[in-house]
């Protein structure tokens with residue numbers, strides 16, 4: 001199946017959710033990947049791609065390498081391969097690979113094309129829509145980057161067979177996020193269908209991607225509605241930061257973060273505790289963590305202000321309104337938040 | 001006077017050619033400059049700008065610092081000043097400052113606003129239109145960068161009083177370039193008016209900027225017509241490269257390059273030798289070099305292929321057709337080029 005992403009001008013593209021078909025490129029191609037993905041899937045990819053010239057750039061695996069130094073490695077590969085303005089970069093891996101390859105493509109000779117072949121569930125449902133690229137630095141995550149849309153995204157869920165169970169769960173957390181914030185029917189479908197079945201995961205990917213595409217098309221540069229995609233992230237980022245990005249996968253921290261946001265919504269009478277429980281149950285079905293022991297609640301609260309999305313010293317919270325709707329607000333009192341955190 | 005630059009969507013902006021008026025910004029501002037510009041003009045600038053917070057980032061002066069390391073200095077200043085997505089960068093200096101500040105603005109938190117206050121004639125006529133940003137690396141000049149349009153450009157030609165004569169000439173070379181390729185009337189006006197007079201330089205800046213704006217509006221991302229702006233540059237880049245960027249200023253190398261392109265045009269019967277002489281005379285009036293001793297003609301020719309604009313192993317030449325028109329072609333035989341270079 002195919003999802004059309006409609007954006008301004010020449011930025012529109014298609015997401016293909018199906019077994020990878022043969023791809024023919026009459027231009028030079030550099031594929032960016034990491035040793036893990038490459039050991040499982042590179043031969044498969046090679047068997048599908050025809051290009052004028054074809055170079056592999058292998059970068060180290062892990063969020064800690066999502067930095068300027070690795071970006072320069074990718075750019076050097078492009079220069080060594082003598083890519084010109086008509087050449088193509090392919091991101092072949094998870095979110096880190098996608099974000100860095102997209103960033104490299106956006107600044108190599110002032111911008112060349114790239115396509116994404118995401119290999120993790122998280123990157124398939126989340127990173128394949130939105131055009132956000134970037135790297136981390138000592139000031140925070142994704143603070144340097146661009147908006148640069150891929151020319152196409154190819155999602156082949158058969159590659160998920162080699163994905164560790166925890167990483168699968170981290171992807172499911174983002175799927176649940178899309179359902180809770182925007183689509184009640186989808187949420188009910190998720191309650192009743194097992195995503196470990198191949199056909200179901202394709203449907204869930206499609207639904208997530210379609211929902212995110214709709215949100216992004218309303219707000220390509222993140223001025224308003226798109227902030228709703230940060231449901232679970234305001235809390236999740238603090239959790240990741242407090243645990244030095246070592247204890248939880250991003251999607252797992254978001255899972256906990258959604259439960260925190262739900263608790264806040266319950267306190268504000270925006271969500272019933274029964275609905276909050278349904279979300280928690282769905283996450284637990286995929287062994288996604290839903291609890292977290294906060295050491296110091298005041299400290300946790302202060303952490304919000306380090307996030308780049310909090311301009312003017314106000315924190316933007318995304319709280320669900322029942323299931324299938326949500327509210328973006330920077331008007332929640334510190335007392336309410338502190339009480340919820342203490343009770344969590 | 002004001003020149004309106006009409007580009008797609010929210011990319012349009014105005015160029016103000018006049019004494020700097022008071023500028024009020026209700027946001028945080030980082031001004032990027034270098035020690036030379038700052039010693040002459042920073043107090044003047046400070047007297048004109050009101051902002052919520054105001055930080056100066058001073059980077060070293062010179063093309064050799066137009067690299068990733070200096071870019072990271074600028075970005076660090078932005079982080080230390082805690083700029084958010086609504087903050088503003090101001091480029092206050094010549095082309096190097098403009099290109100790097102624009103690049104930093106385009107990747108800081110995925111893109112923030114910047115304005116240009118160019119202080120050299122070259123950057124006033126050339127870098128203020130086009131939205132090209134970038135840095136150099138060991139593979140070549142401006143190979144990493146983005147297209148990112150400023151929100152406004154303020155050209156105050158009174159700052160040119162402190163500009164060394166050679167740098168003034170380098171700027172005039174780019175003005176002559178615009179006239180020869182696109183505007184015969186403007187060329188005749190240049191033959192009859194002295195640019196050292198303040199009123200005249202404002203007119204020349206305006207004409208150049210208008211001409212370039214027209215070209216760029218036809219071709220924002222450099223697919224076609226915009227290549228004509230490289231008149232003199234195909235040769236000029238080789239000269240700069242052969243002399244390690246030490247002997248000539250960029251505009252001076254372009255001056256010589258235009259004379260080479262003219263010689264080629266004369267050989268191809270596209271330009272009379274009298275017109276070629278008129279261009280040379282005009283350049284000489286401002287002490288812009290018009291001759292260059294080529295050591296090894298074959299070697300010089302091979303250098304063309306290292307330029308990023310030569311895709312598919314064809315070299316794109318911009319040759320004038322008389323005065324006021326030009327032709328973009330990759331269809332000139334090596335023999336013709338070699339003969340012209342030998343005769344130069």
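Cβ atoms are placed via backbone N, Cα and C, with glycine included.
Predicted automatically and left uncurated, TrEMBL annotations should be read as such.
Feature list (source: TrEMBL):
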| type | residues | note |
| --- | --- | --- |
| BINDING | B:61-66, B:95-99, B:119-120, B:132, B:141 | NAD(+) binding site |
| BINDING | B:174, B:233, B:250 | Zn(2+) binding site |
| DOMAIN | B:57-168 | domain '3-dehydroquinate synthase N-terminal' |
| DOMAIN | B:171-310 | domain '3-dehydroquinate synthase C-terminal' |
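Here the features listed in TrEMBL are painted onto the structure.
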residue : record              : contacts (Cβ under 8 Å, 6+ apart)
B:61    : NAD(+) binding site : B:34, B:35, B:36, B:37, B:96
B:63    : NAD(+) binding site : B:96, B:136, B:245, B:250
B:65    : NAD(+) binding site : B:59, B:96
B:95    : NAD(+) binding site : B:118, B:120, B:122, B:123, B:126, B:127, B:250
B:97    : NAD(+) binding site : B:32, B:33, B:34, B:37, B:59, B:91, B:123
B:99    : NAD(+) binding site : B:66, B:127, B:132, B:133, B:134, B:135, B:142, B:145
B:141   : NAD(+) binding site : B:237
B:174   : Zn(2+) binding site : B:122, B:125, B:126, B:208, B:251, B:254
* To do: Would you list the other residues of this chain near Zn(2+) - those whose C-beta lies within 8 angstroms of the C-beta centroid of B:174, B:233, B:250 - in sequence order?
  => B:122, B:126, B:170, B:173, B:177, B:232, B:236, B:251, B:253, B:254, B:257
* Structure fact -> DSSP, reduced to three states, assigns residue B:141 (NAD(+) binding site) to strand
* Provide the three-state DSSP residue tally for the domain '3-dehydroquinate synthase C-terminal' (B:171-310): helix first, then strand, then coil. => 99 helix, 0 strand, 41 coil
* To do: Kindly report the helix/strand/coil residue split of the domain '3-dehydroquinate synthase N-terminal' (B:57-168) according to DSSP, in that order.
  => 46 helix, 29 strand, 37 coil
* For the domain '3-dehydroquinate synthase N-terminal' (B:57-168), would you mind checking the mean pLDDT of the predicted model? => 95
